Amino acid sequence: MWLWEDQGGLLGPFSFVLVLLLVVTRSPFNACVLTGSLYLLLRFFSFEPVPSRRALQVLKPRDRVSAIAHRGGSHDAPENTLAAIRQAAKNGATGVELDIEFTSDGVPVLMHDNTVDRTTDGSGRLCDLTFEQVRKLNPAANHRLRNEFPDERIPTLREAVTECLCHNLTIFFDVKGHADMASAALKNIYMEFPQLYNNSMVCSFLPEVIYKMRQTDQKVITALTHRPWSLSHTGDGKPRYSVFWKQSVFVVLDILLDWSMHNVLWYLCGISAFLMQKDFVSPDYLKKWSAKGIQVVSWTVNTFDEKNYYESHLGSSYITDSMLEDCAPHF
């Protein structure tokens, strides 16, 4: 949704804002003053991205396209487990994407959902369970290969990081929410394992999470994650709401979010990468982000033909559910 390009990537969006304010205020002077004020505020509160050399160590180590195992490779092993991390390394992944959530007593653990029902033999919201209760659950209980992983437990963030470092894997920390808690927990992890500054990245669908992370530690490499129409439609394209007016409201919000992501929020947060749903990635799309000094990582790329296309034709790193075979995407 770029209007036109300039070196900083802000000419297009602020020209649009100026025109919009001209229409609303009907005063060239007021429109110029308001637009200038918004621009100065953005520049004042925005963060500089980390040096591109450091970011590329994570995104394209050894100057090659990276294959990142989604949730550790959720098709090949129980997702977000130490077994998944080990399998990802064994199967040739460059790195892993891991989801961070918190127990009721504030322990950061690996979990994608806000409930434990889908992946474990337990039930209930994770935020209502203590770490001691969570530790008793079996995260392999509902996996297709559960018999091959009988002794898995939900790992802590620290345990997962230690395992990844043992296998020389880059890490994409996917933060689901709790901006303050997550940024504090990750800051502690980065202080304990300073090598993470050069082989990991924090990413989120939520701009407030990334902004808080940059506030907490500006040396951390960050990325925004995005899927167009995510507020109004599920991952498989179905409308989220049956009521027409409600669905329409969220469609409008999706348009605003998409425009903000591509035109303002990337600059405000000072990101180094943009994680985009694969169906919206094209050579032209990559070129536009590259002009801003930002790498695109595509998700979720799950067939051999798609992987070959992203590696050979696009030269784009990608996230996949399986390093071994074709599989359906996990949203």
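The backbone N, Cα and C atoms fix where each Cβ goes, and this holds for glycine too.
Per Swiss-Prot, the feature Mg(2+) binding site maps to GLU97, ASP99, ASP174. The annotation domain 'GP-PDE' is assigned in Swiss-Prot to 65-331. Annotated N-linked glycosylation site per Swiss-Prot: ASN168, in sequence order. The annotation topological domain 'Lumenal' is assigned in Swiss-Prot to 25-248 on the grounds of sequence analysis. Summarising the annotation, Swiss-Prot assigns topological domain 'Cytoplasmic' to 270-331. The transmembrane segment annotation in Swiss-Prot covers 4-24, 249-269 and is backed by sequence analysis.
All protein chains included, ASP99 (Mg(2+) binding site) registers 19 other Cβ atoms within 10 Å of its own Cβ. Taking the Cβ of GLU97 (Mg(2+) binding site) as reference, residues of its chain lying under 8 Å away and at least six apart in sequence are, in sequence order, ILE68, ALA69, HIS70, ARG71, GLY72, ILE171, PHE172, ASP174, CYS203, ILE319.
In sequence order, ALA89 make up the list of same-chain residues 6 or more apart from ASN168 (N-linked glycosylation site) whose Cβ falls under 8 Å from its Cβ.
In the three-state DSSP reading, ASN168 (N-linked glycosylation site) counts as coil. Around the Cβ of ASP174 (Mg(2+) binding site), the number of neighbouring Cβ atoms within 10 Å comes to 25.
Secondary structure at ASP174 (Mg(2+) binding site), as computed by DSSP, is strand.
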